[in-house]
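Colleague: Residues or ranges marked as signal peptide in Swiss-Prot (evidence: sequence analysis): 1-19. Annotated disulfide bond per Swiss-Prot: Cys33-Cys157, Cys67-Cys83, Cys171-Cys244, Cys204-Cys223, Cys234-Cys262, in sequence order, evidence recorded as sequence analysis. The domain 'Peptidase S1' annotation in Swiss-Prot covers 42-286. Annotation comment: Swiss-Prot describes His82, Asp137, Ser238 as active site, charge relay system, evidence class sequence analysis. As annotated by Swiss-Prot, N-linked glycosylation site applies to Asn167, Asn200, Asn273. Per Swiss-Prot, GPI-anchor amidated serine is recorded for Ser288.
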Amino acid sequence: MGARGALLLALLLARAGLRKPESQEAAPLSGPCGRRVITSRIVGGEDAELGRWPWQGSLRLWDSHVCGVSLLSHRWALTAAHCFETYSDLSDPSGWMVQFGQLTSMPSFWSLQAYYTRYFVSNIYLSPRYLGNSPYDIALVKLSAPVTYTKHIQPICLQASTFEFENRTDCWVTGWGYIKEDEALPSPHTLQEVQVAIINNSMCNHLFLKYSFRKDIFGDMVCAGNAQGGKDACFGDSGGPLACNKNGLWYQIGVVSWGVGCGRPNRPGVYTNISHHFEWIQKLMAQSGMSQPDPSWPLLFFPLLWALPLLGPV
């Protein structure tokens, strides 16, 4: 082929290589997370402060609040699978968006700040094991553009095991849902926060075997609340985070999934246990962010084939 031919071939092959992955997706779940600026009504809860839960978002359909959501990275957020169960065509996510960095679930139509922190959803992924009932109630949403981090918008941490959080009494759940079973969150629809205790699954199963309503607590669930009731997630909080602090960083250990009423005694809220889905989350985020072959690379070889006969030895 000669030196000129070899040089041309090398240039074409270099151009035909794999495209670089998007920088925000190259290392999922590995960047800084779980930090917040503010350190200081879900049922029995109180108004939150802006920046206290910077990973909290509002999953919206045609700009109406549907569920809570938590930010994991620049392009990924976590919610509950049942938030989408009445919407059959998830291959078309048009109309779905996520709002971050706002205390209210109903920001003003004229708010530029809300407009610039609203991100359309490009893909929706339900757990492949979700069958429309309680177990495996978890979903990932991929955003169409990278989220800009600010002091009011930050990702939360995840980890493969949540065993160390069992029996903690100082975890928190946040959301814009009902403040009582029969009372919606009033205007100005401010994000609510409430402190809850983690209840081990053996005790939780025992509680749900009592009385007339029986419900099984599966291995991928975690319960939180208190024996007296009054502190719980409620309708509209679904998909939001159950978070605990560890060494100054916040970790999401659960996703709001279901409950019997809201804040009833001996009826804790039930959450999807993140640790049972950590590998699925990690793999999906990594696979979706992998390099893809440039679809134009085969076309680059046609000029090469045409030029080779013309390239003699130097």
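All positions are counted from 1 along the displayed chain.
Using N, Cα and C of the backbone, Cβ positions are placed for all residues, glycine too.
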Colleague: For a quick check of packing: other C-beta atoms within 10 Å of the C-beta of His82 (active site, charge relay system), how many?
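Modeller: There are 21 such Cβ atoms around His82 (active site, charge relay system).
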Colleague: Quick check: of the recorded positions listed here (Cys33, Cys67, His82, Asp137), which one has the Cα closest to that of Ser238 (active site, charge relay system)?
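Modeller: Out of the listed candidates, the nearest Cα belongs to Cys67.
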Colleague: Measure from the CA atom of Asp137 (active site, charge relay system) to the CA atom of His82 (active site, charge relay system) and give the result in Å, rounded to a whole number.
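Modeller: If we compare the Cα positions of His82 (active site, charge relay system) and Asp137 (active site, charge relay system), the gap is 6 Å.
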Colleague: Rounded to the nearest Å, what's the C-alpha distance separating Ser288 (GPI-anchor amidated serine) and Cys157 (disulfide bond)? Just drop the number here, would you?
Modeller: 19
Colleague: Drop a 10 Å sphere on every Cβ of the recorded positions Asn167, Ser238, Asn273, Ser288 and tell me which sphere holds the fewest other Cβ atoms.
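Modeller: Asn167, out of the recorded positions Asn167, Ser238, Asn273, Ser288, has the fewest neighbouring Cβ atoms within 10 Å.
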Colleague: Of the recorded positions Cys67, Cys83, Asn167, which one sits closest to Asn200 (N-linked glycosylation site) when you measure Cα to Cα?
Modeller: Asn167
Colleague: Quick check: in three-state DSSP terms, what is Cys83 (disulfide bond)?
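Modeller: Once the DSSP labels are grouped into three classes, Cys83 (disulfide bond) ends up as helix.
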Colleague: Only counting partners 6 or more residues apart, tell me which same-chain residues put their Cβ under 8 Å from the Cβ of Cys223 (disulfide bond).
Modeller: Ile198, Ile199, Asn200, Asn201, Met203, Cys204, Leu207, Ile217, Pro268, Gly269, Val270, Tyr271
Colleague: What is the nearest of the recorded positions Cys33, Cys171, Cys244, Asn273 to Cys67 (disulfide bond), using the Cα of each?
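Modeller: It is Asn273, whose Cα lies nearest.
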Colleague: Within 10 Å of the Cβ of Cys244 (disulfide bond), how many other Cβ atoms can be counted across all chains shown?
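Modeller: So the number of other Cβ atoms within 10 Å of Cys244 (disulfide bond) is 22.
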Colleague: Drop a 10 Å sphere on every Cβ of the disulfide-bonded residues Cys33, Cys83, Cys171 and tell me which sphere holds the fewest other Cβ atoms.
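Modeller: With the disulfide-bonded residues Cys33, Cys83, Cys171, fewest surrounding Cβ atoms within 10 Å: Cys33.
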Colleague: Where the distance is taken from Cα to Cα, which of the recorded positions Cys33, Cys83, Asn167, Cys171, Cys244 turns out closest to Asp137 (active site, charge relay system)?
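Modeller: Nearest listed residue in space: Cys83.
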